[in-house]
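Structure first, then comments.
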């Protein structure tokens with residue numbers, strides 16, 4: 001048995017179109033030869049797959065899962081993009097704002113008397129009310145935390161006309177502090193699973209099931225996005241945000257209260273992160289852990305840049321694309337290539353669109 | 001405090017190079033003796049070995065000096081510098097560990113130049129496509145690069161992922177009594193080597209900064225478009241900055257691998273990369289002495305609080321925030337001599353009035369926040385839309 | 001000779017333990033879930049406990065060290081061990097007024113480079129006679145040579161990479177079975193008891209996960225028909241699940257830790273995959289059951305440790321001291337500490353003496369019988385299969 005048969009052949013789907021299979025096999029073999037011809041290779045298992053059959057077979061399921069998970073990326077990415085648009089600041093502590101929201105949601109569940117373990121047997125109406133209340137608490141926690149962060153960490157720096165890199169380091173420091181406070185308070189184990197709404201398939205698209213959770217998360221995230229988009233583009237306060245993003249000095253001269261705009265921007269970003277916290281905990285009930293925000297934060301930031309940082313629509317698009325692409329990449333190359341796919345995608349996109357897919361500016365997106 | 005700093009700075013700048021060296025040598029000697037002295041309050045013992053803590057600080061200082069070329073000199077925000085460090089460490093491992101499939105066991109001294117060359121080439125490979133990006137786009141792409149390096153080490157079987165490489169070569173030298181100078185646990189030798197490397201790299205960097213290359217970097221940092229218009233081939237110099245920074249990263253990676261004697265995929269993550277950035281900015285990007293101080297603090301604070309592990313990263317985070325709040329420009333601000341015969345010029349202009357800082361003659365001496373570039377809402381040079389409009 | 005003395009000590013200890021267990025049970029009222037069935041023995045009757053016979057004598061300042069992660073990444077695993085070590089030392093000191101042993105806690109951060117400093121400090125501390133640690137294989141490999149050179153006995157409660165004992169280190173002892181013991185046993189169970197000829201082996205990217213998956217895959221041969229990879233800290237597994245669904249296996253073996261296993265098994269069950277799920281000792285943890293909610297039900301968990309019903313006293317005391325149930329490798333850490341304390345009680349006053357004591361040790365612990373081969377592997381390592389039944393992990397059988 002040649003080495004490359006080992007993991008690849010048994011996975012060959014019986015239903016995959018013959019053409020795709022042949023192509024897949026041909027590519028596999030050439031790739032596997034590559035992987036083995038390298039002077040360093042010795043083991044029998046190739047370290048990269050090229051499983052076109054699996055990709056085709058799982059296309060719709062991957063798309064649906066990716067869109068649902070990607071909308072969580074998108075909500076967090078909106079926070080990065082808003083703050084970046086207004087302050088040109090990579091708010092590294094945003095991932096901790098997000099995880100605070102997750103804890104807000106979780107502690108609300110606890111306060112309602114739910115216990116870690118089995119799924120409670122409650123009428124649907126109760127569950128929905130509980131989820132909404134928990135979500136609101138999460139949003140409030142994240143929003144307040146974001147304002148607090150802005151006040152205590154960033155505002156003093158702005159007062160002193162600190163250079164941009166100083167903000168970055170303060171953000172990193174704040175990220176450390178928030179993480180460690182959560183760890184010291186709640187311990188380093190994930191919180192026990194509390195799950196109110198188990199997923200159940202509602203309908204299928206080309207054979208791939210779509211669950212109630214996925215529908216709720218996708219629709220609610222889109223709704224949150226439209227509220228945020230409308231807020232920024234259609235309201236008076238939103239105009240202030242755009243004005244400050246475009247030219248802070250002129251905006252101040254025109255009577256925009258810059259400090260207030262900044263506070264509101266942080267708050268909106270925090271509230272969206274809190275909502276993302278609820279959806280995240282619904283998808284991944286094990287997610288409430290002190291360092292659980294870090295990786296997701298990096299991904300969300302990647303998504304924001306992918307779509308064009310400073311651009312709300314870009315954040316949404318970037319989040320969805322990233323969620324979907326990660327899934328395709330995993331099917332194609334194997335599960336351990338997931339994160340690499342995300343970053344390679346970013347690099348490739350920026351090669352061709354140096355300011356992201358939709359371009360960058362919060363102000364100019366509707367200018 | 002600020003007054004005092006500026007007085008020291010003035011005093012320092014007024015000295016001749018020989019006088020400066022004369023003053024520096026006792027400092028270096030003191031630093032070399034520090035692990036032997038093991039002074040009571042400063043020491044990290046008994047929680048963690050003091051010479052090792054110092055060695056780690058020295059490695060971080062070397063890293064910070066390399067990263068400073070990219071961030072401080074050329075103004076390119078690099079969040080994936082750990083990738084170069086990793087490449088240096090892995091090159092050392094591959095060329096000397098028995099676990100490596102290459103099957104060779106070169107001595108460390110042979111490996112170091114190879115490691116530096118490999119990282120330099122990888123710097124060029126990374127820089128060629130990405131350095132056309134501006135500001136924060138470059139930051140996120142480099143962050144992606146750092147992660148890709150780590151994940152490749154994880155995924156590609158011959159790089160052994162979490163299993164790692166054992167028995168990596170150390171420099172071979174014995175004390176008169178026959179015991180080896182360079183070991184994992186008795187790191188005096190390694191520490192001295194690291195300090196010497198820092199001094200050598202500092203001298204090389206100093207010369208580079210005062211050369212055409214250094215001036216080109218500063219031009220790129222201050223205003224890329226203006227630099228391009230005045231005939232500085234900015235792209236080429238940015239790649240140079242990347243390559244030279246990378247080579248120093250490779251050197252430190254190699255040093256690190258030799259001391260630990262073992263390399264696996266841990267410790268090359270984004271968080272580590274961000275700590276490197278913190279070292280540079282904390283000390284004062286653009287100031288070589290500053291970044292060394294910054295690196296020392298970033299490495300030393302968690303080690304000093306090792307005795308209370310539950311709280312040490314909390315302390316570290318608070319320290320970062322507090323230091324930035326009180327010294328937003330970094331502990332020692334940016335300081336650049338652009339004139340080739342700057343010292344003579346200062347002497348002529350300010351020699352008599354030593355109380356006045358010669359900041360007027362140095363393009364980037366920045367007394368806190370009185371130059372437009374330093375304001376957060378104005379981002380010439382580092383913002384993606386900075387130069388383009 | 002030593003054996004006979006130990007046997008005598010064992011009887012004494014058992015008597016003391018009975019008294020202690022009475023107290024502990026009274027205080028352990030808040031215990032919930034995961035408890036043993038009524039009437040189960042509270043521990044192996046001849047188990048050696050940290051308290052010893054109460055006659056221990058040692059020089060003041062005598063120390064042992066825990067070296068491992070306390071606050072770094074994967075801190076949960078380290079804390080589970082260091083707590084158990086602390087508990088053992090406290091129990092020992094309470095029972096032995098003439099031998100007060102100090103516990104030195106050295107936080108290695110769990111990574112090879114950060115381990116060197118604290119470990120060197122421990123080596124340079126002449127009062128430290130023995131070490132419990134290091135928990136991870138990577139850091140163990142990094143500092144192993146130095147510990148060996150210092151002649152400082154170290155018993156690892158959790159590093160299972162088989163290669164660790166092949167370095168010629170004379171001071172290294174493994175407090176649990178290595179992957180080469182557990183892997184084939186798991187494969188045998190899957191093939192003979194579950195009759196599965198089509199198995200998905202999913203592994204994480206840790207040294208532990210990779211090594212164990214290799215052992216299991218090898219032993220399964222062609223039956224290991226599908227391989228999938230996940231990463232540490234991954235929480236969303238839809239693509240991996242897709243791969244599993246396509247392969248449609250008769251069993252799934254997950255090689256890794258519970259942090260990833262609980263969301264994975266939950267998402268598998270959500271996606272309608274009801275295939276038997278088998279995990280190793282890294283997954284056998286109360287946290288797995290709690291975090292996977294109902295999805296863990298029926299999961300099979302192998303472990304080179306004797307059934308948990310065997311040590312409720314320890315469980316209760318741990319719960320009382322730290323407010324949580326002991327977790328993976330807590331009991332191993334407790335046993336390892338007990339052995340070091342036994343040596344100190346019996347007059348081992350320097351590192352060489354303690355190393356010798358451990359090398360020739362033969363005694364029953366909570367988790368298993370401890371006696372080591374010259375390379376530091378346990379001579380007998382029973383592997384048991386456990387089953388998640390509702391909210392409890394119950395014993396299935398020895399495999």
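Every residue, even glycine, has its Cβ placed from backbone N, Cα and C.
Database features (TrEMBL):
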COMPBIAS  B:367-380  compositional bias 'Basic and acidic residues'
REGION    B:357-389  region 'Disordered'
TRANSMEM  B:21-38  transmembrane segment
TRANSMEM  B:50-71  transmembrane segment
TRANSMEM  B:78-96  transmembrane segment
TRANSMEM  B:108-128  transmembrane segment
TRANSMEM  B:189-208  transmembrane segment
TRANSMEM  B:239-262  transmembrane segment
TRANSMEM  B:274-301  transmembrane segment
TRANSMEM  B:313-332  transmembrane segment
Thinking of Cβ pairs under 8 Å, which stretch from B:189-208, B:239-262, B:274-301 has the most of them with the transmembrane segment (B:78-96)?
B:239-262
Below 8 Å between Cβ atoms, which of the listed ranges B:108-128, B:189-208, B:274-301 makes the most pairs with the transmembrane segment (B:239-262)?
B:108-128
Report yes or no: does the transmembrane segment (B:21-38) come within contact of the transmembrane segment (B:108-128), defined as 3 or more CB pairs under 8 Å with a sequence separation of 6 or more?
no
Most Cβ pairs under 8 Å to the transmembrane segment (B:189-208), of B:50-71, B:108-128, B:274-301, goes to B:50-71
At a C-beta cut-off of under 8 Å, are there same-chain residues at least 6 beyond the transmembrane segment (B:274-301) that contact it? List them, or none.
44, 53, 56-57, 60-61, 63-65, 67-68, 71-73, 78-79, 81-82, 85, 198, 202, 205-206, 312, 315-316, 319-320, 323-324, 329-336, 364
